[in-house]
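In what follows, a single structure is set out as structure tokens and then discussed.
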Amino acid sequence: MGHKVIFILAIILTLALSTLAQAEAEMLQTLPEICAVASHARSNCGYPGITREKCQNKGCCFDDKIPGVPWCFYPAVVDEVPLKEECNS
């Protein structure tokens, strides 16, 4: 009985993690500006020969248009815009 529960929990955890990875990959596709990293500023996120799908599932950006630079790279850091503070002076 205990093995079945552990097996079911493992399946649920695997599905949850894959769903999160897919959601992050979709976010990268819908927000191209975070993947607009200059070729000289790219930080390698993958390994030679990594596919677009595997790269994006890691939460990274993929662009194979420029030879000699990382094709799978970390997205740009997007700074949050600070909220304006109102003062009563």
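Backbone N, Cα and C atoms are what each Cβ position is placed from, and that goes for glycine too.
According to TrEMBL, the protein carries these features:
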- CYS35-CYS61: disulfide bond (DISULFID)
- CYS45-CYS60: disulfide bond (DISULFID)
- CYS55-CYS72: disulfide bond (DISULFID)
- 33-76: domain 'P-type' (DOMAIN)
- 1-21: signal peptide (SIGNAL)
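Positions of the features from TrEMBL, shown on the structure.
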residue: CYS35; record: disulfide bond; Cβ within 10 Å: 17
residue: CYS45; record: disulfide bond; Cβ within 10 Å: 18
residue: CYS55; record: disulfide bond; Cβ within 10 Å: 23
residue: CYS60; record: disulfide bond; Cβ within 10 Å: 23
residue: CYS61; record: disulfide bond; Cβ within 10 Å: 24
residue: CYS72; record: disulfide bond; Cβ within 10 Å: 23
Next item on the list: Find the one among the disulfide-bonded residues CYS35, CYS55, CYS61, CYS72 whose C-alpha lies closest to that of CYS45 (disulfide bond).
Entry: CYS72
Next item on the list: Within the domain 'P-type' (33-76) only, compute the mean pLDDT.
Entry: 92
Item checked: For CYS60 (disulfide bond): DSSP state (helix, strand, coil) -> coil
Next item on the list: State the Cα to Cα distance, in Å, between CYS72 (disulfide bond) and CYS35 (disulfide bond), rounded to an integer.
Entry: 10
Next item on the list: Round to a whole number and give the Cα-to-Cα distance in Å for the pair CYS60 (disulfide bond) and CYS35 (disulfide bond).
Entry: 8
